[in-house]
Amino acid sequence: MDSLDEEQVSALQKAFDSFDTDSKGFITPETVGIILRMMGVKISERHLQQVISETDEDGSGEIEFEEFAELAAKFLSEEDEEALKKELKEAFRIYDRGGDGYITTQVLREILKELDNRLTEDNLDEIIEEIDEDGSGTIDFMEFMKMMTG
């Protein structure tokens, strides 16, 4: 985690907290994959599992923030904030099918399902409720950015 600056740690903490909906202090390995992919990291399932097994030092199958930050640092060390923002904006634009500056929670649900088909409807509801802070049923770019970068 030493290779991350304060801003990166803060962004990772916010992303971690967004998916740690029960505030248990850990996320699942599947969720790690979702967060990394939403941040623009291209990683195969096999490589992800390998990195997670190396990172999950206590072998709990649950990824605590420290473990998550160390894992993410391996991928973020080459990224800077501007590149991350650009990648997120591009990802958002692709899913903003109407070009009107927002995606519906239904589209976000589809994205999350694509990233991890093991998410249950309850998991998806919790994640979406956390992201769609104003309850509008839509996610604008600022809500999306806030979730991903703080």
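Backbone N, Cα and C define each Cβ position, glycine as well.
Swiss-Prot has this to say about the protein:
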- Met1: N-acetylmethionine (MOD_RES)
- 7-42: domain 'EF-hand 1' (DOMAIN)
- 43-78: domain 'EF-hand 2' (DOMAIN)
- Asp56, Asp58, Ser60, Glu62, Glu67: Ca(2+) 1 binding site (BINDING)
- 83-118: domain 'EF-hand 3' (DOMAIN)
- 119-150: domain 'EF-hand 4' (DOMAIN)
- Asp132, Asp134, Ser136, Thr138, Glu143: Ca(2+) 2 binding site (BINDING)
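Here the features listed in Swiss-Prot are painted onto the structure.
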residue	record	Cβ neighbours (10 Å)
Asp56	Ca(2+) 1 binding site	19
Asp58	Ca(2+) 1 binding site	8
Ser60	Ca(2+) 1 binding site	10
Glu62	Ca(2+) 1 binding site	14
Glu67	Ca(2+) 1 binding site	21
Asp132	Ca(2+) 2 binding site	18
Asp134	Ca(2+) 2 binding site	9
Ser136	Ca(2+) 2 binding site	12
Thr138	Ca(2+) 2 binding site	17
Glu143	Ca(2+) 2 binding site	18
Checklist outcome for this item: Cα nearest Ser60 (Ca(2+) 1 binding site) among binding-site residues (Asp134, Ser136, Thr138, Glu143) -> Glu143
Checklist entry - What other residues of the same chain, not counting Asp56, Asp58, Ser60, Glu62, Glu67, have a CB atom within 8 A of the CB centroid of the Ca(2+) 1 site? => result Phe26, Thr55, Glu57, Gly59, Gly61, Ile63, Glu64
Next on the checklist: Given a Cβ distance threshold of under 8 angstroms, which distant residues of the chain, six or more beyond its ends, lie next to the domain 'EF-hand 1' (7-42)?
Outcome noted: 1, 48-49, 52, 56, 60-65, 68-69, 71-73, 75-76, 79, 81, 84, 87-88, 91, 112, 115-116, 118-119, 126-127, 130-131, 146-150
Next on the checklist: Given a Cβ distance threshold of under 8 angstroms, which distant residues of the chain, six or more beyond its ends, lie next to the domain 'EF-hand 3' (83-118)?
Outcome noted: 30-31, 33-34, 37-40, 76, 124, 127-128, 131-132, 137-141, 144-145, 148-149
Checklist entry - If you measure Asp56 (Ca(2+) 1 binding site) to Glu143 (Ca(2+) 2 binding site) at Cα, how many Å is it? => result 30
Item to check | For the domain 'EF-hand 2' (43-78), residues assigned helix / strand / coil by DSSP | outcome: 23 helix, 2 strand, 11 coil
Checklist outcome for this item: Reduced to three DSSP states, the domain 'EF-hand 4' (119-150) has 20 helix, 3 strand, 9 coil
Checklist outcome for this item: Asp132 (Ca(2+) 2 binding site) and Glu62 (Ca(2+) 1 binding site), compared by Cα position, are separated in whole Å by 26
